[in-house]
Amino acid sequence: MASLLGTSSSAIWASPSLSSPSSKPSSSPICFRPGKLFGSKLNAGIQIRPKKNRSRYHVSVMNVATEINSTEQVVGKFDSKKSARPVYPFAAIVGQDEMKLCLLLNVIDPKIGGVMIMGDRGTGKSTTVRSLVDLLPEINVVAGDPYNSDPIDPEFMGVEVRERVEKGEQVPVIATKINMVDLPLGATEDRVCGTIDIEKALTEGVKAFEPGLLAKANRGILYVDEVNLLDDHLVDVLLDSAASGWNTVEREGISISHPARFILIGSGNPEEGELRPQLLDRFGMHAQVGTVRDADLRVKIVEERARFDSNPKDFRDTYKTEQDKLQDQISTARANLSSVQIDRELKVKISRVCSELNVDGLRGDIVTNRAAKALAALKGKDRVTPDDVATVIPNCLRHRLRKDPLESIDSGVLVSEKFAEIFS
């Protein structure tokens with residue numbers, strides 16, 4: 001892999017310049033009233049009716065309207081958050097090639113299922129993940145929709161937008177960059193899932209729903225730093241949403257659902273606690289990060305960081321060409337991904353590796369196939385080779401192996417040894 005990535009990203013990747021990060025959805029609540037449309041953001045008529053033989057209520061969306069003065073206003077809102085906090089350039093990250101490759105492959109193919117990054121303190125895990133925001137491509141979303149609904153694909157539409165499309169209504173569309181949402185350790189369940197005002201719903205027939213972080217992360221990236229320290233009840237919420245692609249908020253018999261399909265990226269220090277196996281298996285790939293030992297590289301990292309801290313704008317301008325090239329290569333890889341082929345013989349060998357390593361389930365097989373195709377697309381090829389599989393398979397399987405407390409060999413080494421045995 002070192003030969004592929006090197007110590008600088010400039011040797012391999014690069015991209016169409018998309019400098020404007022996406023904006024936050026409106027922080028104001030979304031108000032719903034039975035049989036009536038109102039409000040200035042997103043409005044929905046809600047019918048509240050008692051279920052048979054039950055004293056509670058069920059809330060169903062009946063109709064929706066979106067009022068926007070002009071598309072220019074929405075675009076302005078998306079552009080208003082230009083570089084509020086300077087981000088360290090991805091191309092300037094020294095070393096950590098395994099982590100960078102896993103992140104890029106997930107941007108190329110979000111269906112890989114995310115990355116879990118584990119490593120020592122101060123090794124650049126959070127810096128690298130957040131630097132990815134400059135490289136994220138643009139997507140089309142329905143203007144004014146808090147769930148970043150896709151205007152074409154029903155699988156990525158909120159309920160309200162889908163009903164409007166089914167009625168033949170033309171929905172306003174804008175282009176914005178893929179969103180990266182940080183999930184803080186201290187977040188409450190209501191902040192993550194969204195909030196329903198139960199009192200208004202039951203007494204006045206008015207339901208105010210404010211979308212949470214999962215709504216904002218739909219069709220984007222959800223980043224959890226120190227994910228191994230996350231509260232168990234929030235881990236359960238992430239598991240449910242990652243498995244189903246939908247987030248359902250239930251409060252006193254009142255229910256509302258919205259799409260929540262996101263790339264889950266987590267980072268943490270294994271010394272601070274292990275991750276629950278149920279959550280670990282949800283990550284498509286696993287990257288291990290170690291401290292740089294080479295003295296020259298350490299000096300270079302310190303000097304580069306000092307330059308960035310003293311003048312972030314000039315430092316980012318220094319790497320603009322490399323960033324643009326990397327963006328261009330990512331966009332090309334995303335466009336060509338569907339045409340990349342993988343031979344059946346390689347698929348069979350991948351499944352043999354998974355079977356002989358006693359990997360539970362089929363996620364390992366699926367993710368390895370997807371990651372190998374994404375790597376081939378990144379290299380500009382239309383067919384997967386054994387070298388592509390060899391590069392990604394340790395990251396796809398190491399966290400799925402059953403733990404042996406007496407085993408001192410790294411799981412990635414075991415995967416590589418089994419790969420060499422079967423592919424030789």
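Heads up, the Cβ atoms here are built off N, Cα and C, so glycines get one too.
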Going by Swiss-Prot, point out which residue in SER8, SER351, SER355 is annotated as phosphoserine.
SER355
Write down the residue from VAL61, VAL87, VAL227, VAL292 that Swiss-Prot flags as N-acetylvaline.
VAL61
Just give me the nearest neighbour of GLY124 (ATP binding site) among the recorded positions CYS102, CYS193, CYS354, SER355, CYS396, Cα to Cα.
CYS102
When you measure from the Cβ of CYS354 (disulfide bond), how many other Cβ atoms are you left with inside 10 Å?
24
Including all protein chains shown, what's the count of other C-beta atoms within 10 A of the C-beta of CYS102 (disulfide bond)?
24
Under DSSP, is SER126 (ATP binding site) helix, strand or coil?
helix
